[in-house]
Each structure stands twice: as structure tokens, then as C-alpha cells.
Amino acid sequence: MVHLTAEEKSAVTTLWGKVNVDEVGGEALGRLLVVYPWTQRFFDSFGDLSTPDAVMNNPKVKAHGKKVLGAFSDGLTHLDNLKGTFAQLSELHCDKLHVDPENFRLLGNVLVCVLAHHFGKEFTPQVQAAYQKVVAGVANALAHKYH
């Protein structure tokens, strides 16, 4: 559960309504793979991830980034039940994929950076604070199965 004030919730949903999930998702996942290259080990089937350009232009990275942000969008409509919303994904990432749960926190922080880049002055410190709460809540929900 993420505790947001009415103002924070409004800021998150208003900005999210302007997000191009295809573009931002691919960029966020791509940046995760470039900035934290050890995360690439989970994406062996994605082909060429040998350079930053290869990662950022990789169609499989872009497609999976879109999928990730689609799940994140779903979470935004269930802020009061993030653990339930992400239960199946938590189980998949824990039991089958064996993803280090720290990667969820890293991706959340990268997403905040990408949103700041895309929205500039509109991404005020108050908006950032609200998004940091949300991405922390999502990361916690995704890591739930690990506990």
C-alpha cells in the first residue's frame, strides 16, 4: 500500500496521463540495462546488448519496457493493493526468473529519472516525491514473494 495525499495522487495520475508508455518504458528499461549492466543477465534472449546504442535501439528491450510500464500503469489504479496487484509477477520473478529484488528498486529510480527528463519543469520536486513513494511501493510489492 502506498500512502499518498490527495495532492500527490492527483500529481501522479495527472502526469501519468501524459506518459507515452511505449517510449518511456523502452527508455527506462534500456537505461537500467546500460547503467546497471549486470541486469542484462536476465535478458540473454534479447540479442545484441553489447553497447549502449545496441541496448537503447533493441526492439525486444523496447517491447519489454512497454510491458513493464503496462504493469506499472495497472499498479497506479490499485495503489491500495499493490501486493495483490503484483503477486503473480512477484512469484514469477522470484521463483522462476530468480531476479534480485534490488533490481526493482533500481528500475523504479531509473523510471523517475526518465520521467524527469521527459517532463522537465513539470516534474517538480513535489511530483518527484510522490513518484518516489509509488516506485518504492511497487518495488516492495514485487519483492514481496522473496520475504
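Quick reminder: no glycine exception, Cβ is built from N, Cα and C everywhere.
Annotated features, as they stand in Swiss-Prot:
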type	residues	note
MOD_RES	V2	N-acetylvaline
DOMAIN	3-147	domain 'Globin'
MOD_RES	T13	phosphothreonine
MOD_RES	S45	phosphoserine
MOD_RES	K60	N6-acetyllysine
BINDING	H64, H93	heme b binding site
MOD_RES	K83	N6-acetyllysine
MOD_RES	C94	S-nitrosocysteine
MOD_RES	K145	N6-acetyllysine
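Distance noted between the C-alpha atoms of H64 (heme b binding site) and S45 (phosphoserine) is 12 Å. Counting only same-chain residues six or more apart in sequence, the Cβ atoms lying under 8 angstroms from the Cβ of the residue listed as 'phosphothreonine' belong to L76. The two recorded residues S45 (phosphoserine) and K60 (N6-acetyllysine) have their Cα atoms spaced 9 Å from each other. A C-beta separation below 8 Å, combined with a sequence spacing of at least six in one chain, links V2 (N-acetylvaline) to L79, L82, K133, V134, A136, G137. For the recorded site, V2 (N-acetylvaline), the DSSP three-state label reads coil. Rounded to a whole value, the Cα-Cα separation of K83 (N6-acetyllysine) and C94 (S-nitrosocysteine) is 14 Å. Across the domain 'Globin' (3-147), mean pLDDT in this model comes to 89. On a Cα basis, K60 (N6-acetyllysine) lies 22 Å away from C94 (S-nitrosocysteine). Within the same chain, residues at least 6 positions away in sequence whose Cβ sits under 8 Å from that of K60 (N6-acetyllysine) are F43, S45, F46, G47.
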